[in-house]
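Shown next, in structure tokens, is the structure this report addresses.
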Amino acid sequence: MKPLNVSSVTEFQLLGFQNLLEWQTLLFAIFLFIYFLTVTGNVVIITVVSQDQRLRLPMYIFLKHLSFLEICYTFTIVPLLLANLFSHGHVISFSTCMTQLYFFVFFGATECFLLAMMAYDRYLAIYSPLHYSSLMSPEICTKLVAISWLTGVGTGLLPSLMISKLDFCGPNQINHFFCDLPPLMQLSCSSVYITRMVIFILSIAVLCICFFLTLVSYVFIVSTILRIPLGSGRMKTFSTCGSHLAVVTIYYGTMISMYVRPNDHLSPEINKIISVFYTVVTPLLNPIIYSLRNQEFKEAVRKLMRKKCDIYGRKVKGSFFIR
């Protein structure tokens, strides 16, 4: 009978970008700058949407949750990436690795569901504007957001549990910058066939279905936009939706190329580059695409800045007179 918990590996070493040793400092500076912009941009979105009464629409409720999700998502990956670049090979415990894996899958799956809900919301707003308020009320929006988060929680459990039950007898070097599914399965000294098939099917169910629903929503959106007469904001609406679709395609395309494939046909270095897109780049692009191209949101930002400046000015003036 096979003994329980035969794993002899208690920690992993993340190799990260060790083939680019001469570029470590530059990469550290670039990723730190991107991380700062990502967190700052998403915090601004959450703050503005929370404080402006005009932004209590379902679209902005989705956007606020997406921003919070992006902060959590990048916090799961980027700090460890920065530590890896700083120390040239970061060592983490087995439990920490499994925890990072769970939250990565959890937040990644939640983002897929949330992006699909946001595309459906835009489809209703453009395709059926007269019935939009009844079809997408704040209550329905809140339920859809809750479904996205709860489904993400459940999606993250199965892969992380199955990976944690595998045997790891050595070596313990993960040729990646975070604890990802493919490199962990490559390190296992036990059979990973069932684990690989379950993760493959789960990836198809989450990534492909969500991407298909998102794509269908945008197809209907584009077809509706094309029926709008010229000079009625058609080009502006089309440009905005095109930007949304471009970011969504980058996110889903890179994720699908990593997890929905029959075998590991790409080199570890190519995998790292692909992973950078959906772990570092798209969390930065989302606040730019979904908010800075929105005139209503930009006006809310200006209003909040004027309000804060007025409060600060009154405080400074008051302290001057007190003196």
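Numbering starts at 1 and runs along the chain as displayed.
The backbone N, Cα and C atoms fix where each Cβ goes, and this holds for glycine too.
Unlike curated entries, TrEMBL annotations are predicted automatically.
Here TrEMBL flags 41-290 as domain 'G-protein coupled receptors family 1 profile'. Sequence annotations record features per position, and here TrEMBL assigns transmembrane segment to 26-49, 61-81, 101-120, 140-158, 193-226, 238-260, 272-292.
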Field: Dominant neighbour of the transmembrane segment (272-292) in 61-81, 140-158, 193-226, 238-260, by Cβ pairs under 8 Å
entry: 238-260
Top partner of the transmembrane segment (61-81) among 140-158, 193-226, 238-260 - counted as Cβ pairs under 8 Å: 140-158
Statement: Averaging pLDDT over all residues of the domain 'G-protein coupled receptors family 1 profile' (41-290) gives 87
